Amino acid sequence: MLNRTSVTEFLLLPVTDIQVLQPVLFVVFLAIYIVNVAGNAAILMVVISDPRLHSPMYFFLGNLSCLDICFSTVTLPKMLENFLSTHKAISFLGCISQLHFFHFLGSTESMLLTVMGFDRFVAICKPLHYTLIMNHRVCIQMAVTVWIFGFVHALLHSVMTSRLNFCGSNHINHFFCDVKPLLELACGNIELNEWLLNTVTGTIAMSSCFLTFLSYFYIIIYLFFKARSCSMLHKALSTCASHFLVVVLFYVPGVFVYIHPASSSSMDQDQINAIMYNVVTPVLNPLIYTLRNKEVKGALKRMISRSQ
């Protein structure tokens, strides 16, 4: 990446300006991060080690847990450091790297949720063809595709942002490095960067969101018209409820951030939304899946009993 800027570091915005709350928030976010890593790591280990969970749904769930650990690790450790530091700086290279991995993991998770929705659609609406359609090779190809596509998408952002000139203030109006607040600091023409953010990123977010909700819409319609018993309907809806809740928690705040233009008045709302999908959602995912999924809870109990 060619750096054509005089800025060597950026200063990040604190989550709050109230000094008394800094240590309290440090403890809160540290606890959230520990629960996130421990919970998602437990699901990942269970999915890998338990043969009963070697199915497409749990294969994608393992990918989601891995993404959630990495996604929050991109921003939370630096946020925790800044709670205890008076100089909330990040190097230019560190900022571009954070931006890259944030968009890489975020867009990958967005597309993975779409794949998970499609998996549930095939499992419920096409049960006789499920093993044929969602075979091991297809699952691997889907997972690799979304990871590669997410990486390439993020690479476009990081390369284009790194080539901008930053000749004014180096104070980022956000608590981590993202494209929108960095574009506010850039000098010169940013039309291509804005097009990339609004059109490419917006298309990925909106199309993934639409296709995911479409899968669940078809599932609900299918169940109400095809379910032969209340118990079958309840079981299928219960399985989909966990997925659907994760989808809502991720897409609603995430899409809101990237579908409206950048402005100083919108940044406070963007920060709240960013905390939701970058901090809160990853820690809720393992709780949602373990509390509502008997197979995962059973596998966790078996793993704990083997370790004792």
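Even glycines carry a Cβ here, placed using N, Cα and C.
Caution: TrEMBL annotation is automatic and unverified by curators.
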TrEMBL annotation (transmembrane segment) - matching range among 81-99, 100-118, 119-137: 100-118
Integer average pLDDT (0 to 100) for the domain 'G-protein coupled receptors family 1 profile' (39-289): 85
